[in-house]
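A.B. asks: My questions all concern the structure below.
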């Protein structure tokens with residue numbers, strides 16, 4: 001702080017004021033016949049100290065106890081009324097005694113105040129700001145009209161981070177002395193720290209009026225302008241929903257305005273909208289620890305809970321915010337959305353449990369339209385709707401809903417599991433394996449391991465020859481159906497049937513004829529068929545069909561060389 005204060009020579013104006021006052025005291029007075037020139041009217045309230053900055057001397061003094069009101073006895077003249085008939089010299093003597101007593105009291109008060117101030121300075125130098133604050137307060141109590149005492153206490157409060165209280169002291173210091181440069185600087189810094197950049201700019205401009213070359217005011221004025229610019233950009237970007245840029249602007253602004261709750265709240269709200277809930281909660285909670293009635297902080301705290309799908313707790317915070325500020329539009333809207341979302345989701349769950357899948361689908365769809373910003377809840381709603389679609393055998397729609405859920409929340413295990421099952425049902429085994437691998441990497445449970453293993457087996461099976469498809473039968477085909485299918489396909493692709501075709505076609509048909517024989521060999525044998533269906537043949541490195549001869553199977557099926565002929569066909 002500036003260690004101002006102390007005795008200082010009187011200015012010319014102060015000297016003239018004292019002289020005029022002294023002359024009025026030394027002249028004859030008539031308290032009864034001329035009240036306007038009575039001695040008591042010549043002695044206004046006295047100052048407790050004379051500021052060292054050279055401000056005009058306040059020459060008011062309290063009415064002298066030695067001058068009684070009309071009808072009272074004069075001090076030292078018991079039994080005699082103070083009257084116009086008393087000698088002027090006696091009147092002058094009383095006045096001088098009164099002046100001496102008043103000045104002596106002022107001197108003692110000022111000495112006491114200076115002592116407190118010096119002790120405060122010592123503690124400030126030691127960075128013991130609490131004790132410094134106490135002694136500056138004592139100095140102010142002893143001499144309440146000294147601008148520098150308020151300035152020093154303001155500096156101490158700023159070091160304690162109490163910028164709002166410091167602002168009050170800084171403003172009082174410049175009210176007492178409008179030329180107090182450091183007082184204006186401190187007022188500006190307090191305004192800026194609290195986020196009032198416009199008010200801060202006015203203070204620094206006043207400093208430059210008093211001291212054009214003041215480097216601190218010049219720099220702080222630039223800082224205030226920067227804060228105003230960050231505010232402007234943040235407002236535009238918030239409307240554009242560019243929340244990352246808003247957070248950036250608020251971080252920069254808070255470097256100059258660390259005590260601005262408004263900037264912190266805006267940053268916290270954007271963090272919540274970005275899904276960075278722990279960071280947003282931390283900022284809001286810090287503000288609530290300092291001010292438990294801050295409606296904006298209560299709103300942001302509720303918003304974090306709301307977006308984390310803790311809707312009931314969120315509603316409680318929104319209601320509390322509305323108690324503090326009934327016109328809080330954002331809290332009102334969030335509270336309404338939270339209640340509506342909770343109701344729709346519960347109704348959808350109820351319809352699903354009752355097997356009313358069509359109604360459940362409609363309710364989940366309506367819930368998804370309430371608040372697109374609620375990522376976590378909407379992810380669950382998409383997954384729930386995907387489950388409904390799978391029940392309705394709309395598997396591709398189910399996959400699409402689960403994909404939307406995962407895009408909103410890529411840690412949502414249930415959505416991965418649901419989509420993987422849909423991939424399995426639609427024989428998209430590679431996609432199923434990928435989803436199950438993601439699940440198992442996140443949660444290494446026996447169940448998830450088995451899911452992954454099953455998908456991997458199905459993937460391998462899908463890459464081998466599909467004998468059912470080759471014969472054109474389903475997996476539950478009977479022995480007779482398999483034989484009929486073989487007869488039909490073998491005759492269709494037999495090489496003799498295509499002897500007149502091009503070499504390329506003959507080669508292709510010969511390949512298909514061989515595959516038909518392989519399929520019949522496996523599927524007509526119950527043991528081989530069982531191993532094929534279970535995937536055991538994959539672990540045994542296939543069915544060892546290298547030496548397989550399709551013609552032998554054909555001849556055996558049709559009863560030898562003369563059993564069938566393509567001549568004339």
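Glycine is treated like the rest: Cβ placed from N, Cα and C.
As listed in TrEMBL for this protein:
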REPEAT    113-146  repeat 'TPR'
REPEAT    295-328  repeat 'TPR'
REPEAT    341-374  repeat 'TPR'
REPEAT    379-412  repeat 'TPR'
REPEAT    413-446  repeat 'TPR'
DOMAIN    466-536  domain 'J'
A.B. asks: State the non-local partners of the repeat 'TPR' (413-446) in its own chain: residues 6+ outside its ends, Cβ under 8 Å from one of its Cβ atoms.
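C.D. replies: Contacts of the repeat 'TPR' (413-446) (Cβ under 8 Å, skipping residues fewer than 6 from its ends): 379, 382-383, 386-387, 390, 395-396, 398-399, 402-403, 405-406, 452, 454-456, 458-459, 462.
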A.B. asks: Do any residues, 6 or more residues outside the repeat 'TPR' (295-328), come within under 8 Å Cβ-to-Cβ of it, and if so which ones?
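C.D. replies: For the repeat 'TPR' (295-328), the list is 261-262, 265, 268-269, 272, 275, 277, 280-281, 283-285, 287-288, 334-335, 337-339, 341-342, 373-377, 380.
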A.B. asks: Kindly report the helix/strand/coil residue split of the repeat 'TPR' (295-328) according to DSSP, in that order.
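C.D. replies: The composition, in the requested order, is 27 helix, 0 strand, 7 coil.
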